[in-house]
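A.B. asks: Take a look at what Swiss-Prot says about it:
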- 8-15, 21-22, ARG60, 87-90, LYS98, 114-115, 183-184: substrate binding site (BINDING)
- HIS9: active site, tele-phosphohistidine intermediate (ACT_SITE)
- GLU87: active site, proton donor/acceptor (ACT_SITE)
- HIS182: site 'Transition state stabilizer' (SITE)
Amino acid sequence: MTQLVLIRHGESTWNLENRFTGWTDVELTPTGVAQAQQAGRLLKQAGIDFDTVYTSVLKRAIWTAWHCLDGMDRTWLPVIKDWRLNERHYGGLQGLNKADMAKQFGDEQVLLWRRSYDVPPPPLEANDPRSERSDVRYAKLAANQVPLTECLKDTVARVLPLWYGTLAPAIAAGQRLVIVAHGNSIRALVKHLNNISDADIVGVNIPNGIPLVYDLDANLKPTSKYYLGGADAAAQAASVSALQADG
């Protein structure tokens, strides 16, 4: 049996401001830093250790990984950054306030954009200053790999090749991994690991900064999963996350 740990980044400034974030590179709040440090302490107290950390190329996840490792006294561990662990791209909603969008388009439409499996928000124009297509960190990617919008289905489609090509082989070889990423890239992994249907994944929320531990068998199938710090605390945090703009 081996373990895999998934952690959503700590609270970001745009989580706090209820703005859709997506691929926009925003900071952690002081609360987010504290959540990341507490995640590290919880892992250390549970006796869970790692060989390698995987994270996205967005600093709210990178800094969460660093603060978590600091809390574990494991700052020397390698941290591998991969764009495929980025948050779902929110297209034309990025940077906008969820409540304002609900007033403009209606609660039902905004909920469809946020929570449906296969309906993306309106795309950005390629020349929109919010587009990441000129961002140097994505310079080696083909233009069509840098999205202008995504639904969760699209996020799953980019996360699963990373799982099959890199993460799963590393785990099968005995590597102990922690993945520090985002609400929707983690939902993509959870959907795959637990074989959750397209309909049921809509109701799954991932709390900020609380380690989700999977026990995996030799075939990398889950035998159990649990949140450190208790299920009640995780459920309460997830309910708060569900009310915030995604990202």
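Backbone N, Cα and C atoms are what each Cβ position is placed from, and that goes for glycine too.
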A.B. asks: Could you tally the C-beta atoms, other than its own, that fall within 10 angstroms of the C-beta of the residue listed as 'active site, proton donor/acceptor'?
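C.D. replies: I get 28 for this one.
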A.B. asks: Compute the C-alpha separation of ARG88 (substrate binding site) from the residue listed as 'active site, tele-phosphohistidine intermediate', stating it in Å without decimals.
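C.D. replies: Counting only the Cα atoms, the answer is 14 Å.
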A.B. asks: Considering Cα atoms only, can you say which of ARG8, GLU11, GLY22 is the nearest neighbour of HIS182 (site 'Transition state stabilizer') among these binding-site residues?
C.D. replies: ARG8
A.B. asks: If you draw a 10 Å sphere on the Cβ of ARG88 (substrate binding site), how many other Cβ atoms land inside?
C.D. replies: 31
A.B. asks: Give the distance between the Cα atoms of LYS98 (substrate binding site) and HIS9 (active site, tele-phosphohistidine intermediate), rounded to the nearest whole Å.
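C.D. replies: Each residue's Cα considered, LYS98 (substrate binding site) and HIS9 (active site, tele-phosphohistidine intermediate) end up 20 Å apart.
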